[in-house]
Amino acid sequence: MAAKLISTGFRHTTLPENYVRPISDRPRLSEVSQLEDFPLIDLSSTDRSFLIQQIHQACARFGFFQVINHGVNKQIIDEMVSVAREFFSMSMEEKMKLYSDDPTKTTRLSTSFNVKKEEVNNWRDYLRLHCYPIHKYVNEWPSNPPSFKEIVSKYSREVREVGFKIEELISESLGLEKDYMKKVLGEQGQHMAVNYYPPCPEPELTYGLPAHTDPNALTILLQDTTVCGLQILIDGQWFAVNPHPDAFVINIGDQLQALSNGVYKSVWHRAVTNTENPRLSVASFLCPADCAVMSPAKPLWEAEDDETKPVYKDFTYAEYYKKFWSRNLDQEHCLENFLNN
């Protein structure tokens with residue numbers, strides 16, 4: 001079982017066979033462009049109407065944007081990164097106490113994405129945590145490093161508030177009431193994936209994570225500021241998203257694409273590797289309550305002309321999440337299964 005993890009400290013000189021992608025499904029890193037006009041939004045702006053306009057343009061055009069002056073203290077962010085690095089540098093024996101291939105487990109260390117279903121693995125280890133309500137899950141979290149529970153608890157609370165603030169702005173940017181998303185999504189769950197991508201001997205042959213969309217409502221990503229690895233697909237072209245100091249990367253998940261009736265996009269994105277440096281990222285996912293019914297917001301289609309109809313049929317988040325995990329990560333957009341005929 002221990003051989004499944006790649007965060008061992010061992011430096012491979014060639015890529016093991018089970019990570020090598022077919023020629024037609026390789027990242028073609030030389031064809032990736034730099035995204036020069038990637039939105040950077042200052043959440044401390046006092047001009048709310050301008051802020052809402054920026055959010056609308058970013059969500060409709062890119063499905064991604066970065067935010068600065070978001071309210072999370074730099075010390076909390078630095079501590080989160082530090083304790084995550086410390087976790088992955090622990091001994092295999094210590095880490096394997098948390099290892100599981102079962103995606104239903106609320107706290108688990110695993111590798112790739114869904115190893116039970118994959119034919120080719122991804123160059124990634126990750127620690128998956130449920131973070132809300134914290135008191136329900138914190139005792140499952142790693143006891144080592146000793147500061148892990150305290151730091152992650154603090155970070156999770158802060159990031160949750162950032163997410164709520166952004167969801168309000170997104171609601172308003174669609175012309176909806178400020179609290180529309182909050183009401184529809186219900187008591188939102190919160191998950192975290194602490195991703196670790198070791199140096200890879202042949203980055204052009206594999207992925208850290210292949211192209212995928214996020215099944216949740218909103219993702220708040222803390223990127224490693226020293227290594228670029230996130231790429232997004234726009235108009236058929238892959239673009240690298242360079243990390244910005246002290247910024248979070250925000251992306252629209254599948255549920256907000258459905259709620260916006262397709263106005264906002266849950267965009268394909270991927271993580272690539274490099275030969276020199278390990279890369280760390282911390283993704284926080286805000287998720288609708290399992291029983292929350294997802295359907296295109298009526299004000300977005302009822303008042304329009306007769307040809308404007310809901311793009312997606314109604315479904316619960318529990319139904320969607322089950323479908324998402326029953327498939328390979330890089331299959332068709334999971335929302336395709338919920339289109340209105």
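Cβ coordinates are placed from backbone N, Cα and C, and glycine is handled just like the others.
Listed in Swiss-Prot for this protein:
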- His212, Asp214, His269: Fe cation binding site (BINDING)
- Arg279: 2-oxoglutarate binding site (BINDING)
- 188-288: domain 'Fe2OG dioxygenase' (DOMAIN)
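Across the domain 'Fe2OG dioxygenase' (188-288), the prediction's mean pLDDT works out to 97.
Here the C-alpha separation of His212 (Fe cation binding site) and Arg279 (2-oxoglutarate binding site) works out to 19 Å. Other than His212, Asp214, His269, the residues of this chain whose Cβ falls within 8 Å of the Cβ centroid of the Fe cation site are, in sequence order, Leu209, Ala211, Thr213, Thr219, Asn251, Ser266, Val267, Trp268, Arg270. Asp214 (Fe cation binding site) sits 20 Å from the residue listed as '2-oxoglutarate binding site', counting Cα to Cα. Take the binding-site residues His212, His269, Arg279: by the count of other Cβ atoms within 10 Å of each Cβ, the lowest one is His212. Residue counts for the domain 'Fe2OG dioxygenase' (188-288) under DSSP, split into helix (H, G, I), strand (E, B) and coil, are 9 helix, 45 strand, 47 coil. The Cβ neighbour count for Asp214 (Fe cation binding site), using a 10 Å radius and every protein chain shown, is 24. For the pair Arg279 (2-oxoglutarate binding site) and His269 (Fe cation binding site), the Cα-Cα distance reads 16 Å.
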